[in-house]
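Working notes, structure below.
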Amino acid sequence: MKRAVLAGMCGMVFLLSSCGGNADKTSADEEPKALEVKLTGPETAEPHEKAEYKAEVFYGGKRVTDADEVMFEVWKEGKKGSGKTIKAKEEKGAYHLRTEFDGEGVYTVQSHVTAKQQHNMPTVKVRVGDAEAADDSSGHEEKAQHH
């Protein structure tokens, strides 16, 4: 009797393990698409002058208008931790920031975009007034991070 029960259990394990292997093979084999963010806006400005920055978000070549979160961070060179973070406004399929810079200097505008379980953080360097950039490598885009 014990042998029959043991043989039956082994057979069940074999059947169950062979059934579940290919359940979601097509989605697992799909190439993940990259989250792309095109951040645009002026690279020069005057102190206290309004400037507008726009983040256009794409996934697999298609525009994303329902991102989980889009924030803009603005800081003066050398003061990353003391900058301001502002929630973006979605208008006409793009995410916008309207801001002004307090004084002369080199600033960084960075968008933080979370969508489709990925995060992308492109940047734009902005020279305000007569400021000279210490390092003009604006590194316009940091690659997406998968979550």
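Going from the start of the chain as shown, residues are counted 1 onward.
Cβ from N, Cα, C; glycine included.
Just so you know, TrEMBL annotations never went through curation; they're auto-generated.
Range 113-147 is the one annotated as region 'Disordered', of 78-112, 113-147 (source: TrEMBL).
For the domain 'YtkA-like' (30-112), the number of residues in each DSSP class (helix H, G, I; strand E, B; coil) is 3 helix, 50 strand, 30 coil.
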